[in-house]
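Under the heading transmembrane segment, TrEMBL lists C:56-75, C:87-107, C:113-134, C:141-166, C:186-207, C:233-258, C:278-298, C:305-322.
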Amino acid sequence: MMLALSNLTVRRGDCPVVDRVTLTVGPGEFVGLIGPNGAGKTTLLRAALGFLAHEGESSLARLTPRERARAVAFLPQAREIAWPVDVETLVALGRAPHLGRAMGVEDRAAVERALQRMGLEGYRARVATALSGGEQARVLIARALAQETPLLLADEPVAGLDPESQIRAMQVFQDLAAEGRAVVASIHDLGLAARHCTRLVLLARGQVVADGPPAAVLTAENMAAVFGVRVFYAETPEGPVVQPLGVTR
Amino acid sequence: MANPGGRFLRGCVRGSDPLGAGLRTVALCASVAGSALLPARAQADAPARVVSINLCTDQLAMMLAAPGQLVSVSALAVEPQSSSMVEEARGIPQNYGQAEQVFLLRPDLVLAGAFTARATVDLLRRLGVTVVELPPADSLDDVAAHLRLVGAAMGREAEAERLVARYEADLARLRVSAEPAPAAMYYPNGYTTGAGTLADEILRHTGFSNVAVAAGLAGGGILPLERLVMAEPEMVVTSLPYPGASRSEEILVHPALQAVRERAGSAEVTDADWICGTPHVLRAVAGMGEARRGLDAMQLSQAAP
Amino acid sequence: MSYRGLLAALGALVTLLFAASLLVGPAALGFTESVVALLTGRGEAVVLVMREIRLPRALLGLMVGAVLGLSGAAMQGFLRNPLAEPGLIGVSSSAALGAVIALQTGIAAAFTLALPLAALAGAALSVLLILGLAGPRGGALALILAGIAISALAGAGVALVLNLSPNPFAAMEIVFWMMGSLADRSMVHVALAAPFMLLGTLMLLTLGRGLDALTLGEDAAEAMGVRLGRLRLVLIFGTALSVGAAVAVAGTVGFVGLVVPHVLRPLVGARPSRLLPAAALGGAAMLLAADIAVRVIAPDRDLKLGVLTALVGSPFFLHLIWRMRRLEA
């Protein structure tokens, strides 16, 4: 088991923002966390990491910071790069939890793998802050990959990327899952979520409304009730296709 | 000073004064420039209400005034650190030197320092008040001149002459004739006094030479501590610290200065006796004469065994 | 230039300036004479000048500059804002307020360590305030506004305390506390401040990895194992120790913590961890150079250090604001 949440609750004042979420994620899973704005996706991820005061249990929150950093990598929604460091240096920051006194051979290899996965080999000497938004997002994903943890939590990792970058990133996450690791990513694009995730968790007002394979979660009733939209859903030879068509309320 | 007469002219009252004061001033200039003494004036002409707004004129006026003539002195006059006549000043109302306050005292004569309170003096003159400004004393002779100047302004010439005579006699008695020993006056912020100052003349009068003069300093100025150390003075004269703390005074306890002091003689003096050109400088002169003789004794005892 | 090369070059520069600082002074001493006196203790007056006057001055220049550069780099790394500088955001003036209170209440006279400790307390309080008012999410505007408010308040406090002092010299020293000077400091001051500065420096130098990780924001850093709470504490106390002690003996010298990291950042690949030691060396070089300059420009006048650092620093400051404005627009 890589992530186990039981009755995880986060309150803002008296209102629960995350409400009794129970969830387990095992190896090989790529979990898409979907839900409308304000459903509590970001709060759930941050609470699961132990960054927020919460009730209930999270397996990650019990770890020491260093243990946790070796168990899970986190890709925050805000794509912050404060200083004009080069791409390789930035990606290498992901090795921090593993470092002894300095970067070793294994650390360099991990950085190399991360750069390769994200197709950034040609960018290593470029200044990260001078890249386009999409390129920066890819660099930050590479940083999280370089951490080489069994579990990756990513908050809207593909928002704002062009279609090619989105698909490539989702494929990387899929590959990680296929390699026996696990990924939990909040995603707004239902089409991408349906095609790449092994499992979807639908969140509404802090509660888990549906949890299961994409076809079981993306039902017309769920979509209408939670998102307020009508959705076209079809299984095709290329995989499931999901397209929101119109609003229902 | 190349032209003492010219310098003193700054102390003169000009122009807009009432006739009597103007006349007196002209006479004053002549007197302090070293020419004939002012003929004794009738006491009736003397200003009845004198206000002093400067520490040094405070003290001269207190020495010279007829009973009740001096109606106010500056607030500094009762500060023990700067004034030599705290006791005498206690009985006289104090002022803070502001034109409004001074004017309301209805003075016939205001005594002020030449380089302070410019705005106040200008305003008082515009209001028709007679103001006599006294330049700082730069030599031991200035003390006598200042006594006469203030005495004349206050209509107390006879008293002034009496004080001058006593001052000059005491001064002569306190002279130390000895091989000049290098001495350094050292004040907060590394301030010292060089050639052409009262303090320098006190040193010379008491058997010292001033290292600040050797360093080329004229008037007051900063002598960097390391130059003082290199001058290897045999006597270091410092002022007593004021209450409260200041970074400026820290230089007086600097280890380098302490080391110089340990090798040389040292004297701590009160600023009050050195600041003003009044007969109280005799206390400073006496103190330094004492220190000079102590220095000889120290060298003798070092040489003896 | 490699990172090691850069550190070596900065180290050489600091050594050179330190030597120059020992050899520059109003008393025209010969080169050989000075060196012999300093090293062997031969030649009475010269030894006094070299060991008791110039050596403490050079040492303080080195240490004060180093902690100012270092704490600037550390605060910038933590706040992810190149404008964070102890002088500009009121940390130094708050330390000055603490020092002045300790001096004028007489506590410092009764208990020597009270001076650096009070300055430390002032500095720590202001860092807490800054982090509270303009924490890492506060942005440049909040930081500068909070800094202006704290500086103004602390500056007014310094002026008030000094004006109320019974000592006539105290009121004239407002400019020292605002602009800083190393004139006529002694080994007593070195001994008083050095342990605090050293401890603060060591604390700040441990922050490198945490600050590197913070490049990606707080959540990412925390997820990489950085203990943010601990990092914040070490930053507050490291800064307070080093800046507090520096201000207690040298007054507030502004802009060193702004200019030095700004100039060196591109040379270390913008990595906060590498910037820390480089900024310490650079700060030492800048302050030693400034202190040599004040002695050369006005040997007998105690020109304040802050005047020179502000002359050099303000244009950098304006340039930074200009650049940030363009980025935010």
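Just so you know, glycine gets a Cβ as well, placed from its N, Cα and C.
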Would you kindly check C:141-166, C:233-258, C:278-298 and say which stretch has the most C-beta pairs under 8 angstroms to the transmembrane segment (C:186-207)?
C:233-258
Would you mind listing the long-range same-chain contacts of the transmembrane segment (C:278-298), meaning Cβ under 8 Å and 6+ residues beyond its ends?
6-7, 10-11, 13-14, 17-18, 20-21, 24-26, 57-58, 61-70, 72-73, 181-182, 201, 205, 253, 256-257, 259-261, 263-264, 267-268, 304-305, 307-309, 312
Please tell me whether the transmembrane segment (C:141-166) and the transmembrane segment (C:113-134) touch - that is, whether there are at least 3 C-beta pairs under 8 Å between them, with each pair 6 or more apart in sequence.
yes
Contact set, same chain, for the transmembrane segment (C:56-75): CB under 8 Å, 6 or more residues outside the stretch:
14, 18, 21-22, 84-87, 89, 91, 127, 182-183, 185-187, 189-190, 193-194, 197, 200-201, 204-205, 207, 211, 235, 238-239, 242-243, 245-246, 249-250, 253, 256-258, 260-261, 272, 275-288, 291
Long-range Cβ neighbours of the transmembrane segment (C:233-258) (under 8 Å; 6 or more residues past either end):
60, 63-65, 67-76, 78, 82-88, 91-93, 95-96, 98-99, 115-124, 127-128, 131, 176-182, 185, 189-190, 192-194, 196-197, 199-201, 203-204, 206-207, 279, 283, 286-287, 290, 304-306, 309-310, 312-314, 316-317, 320
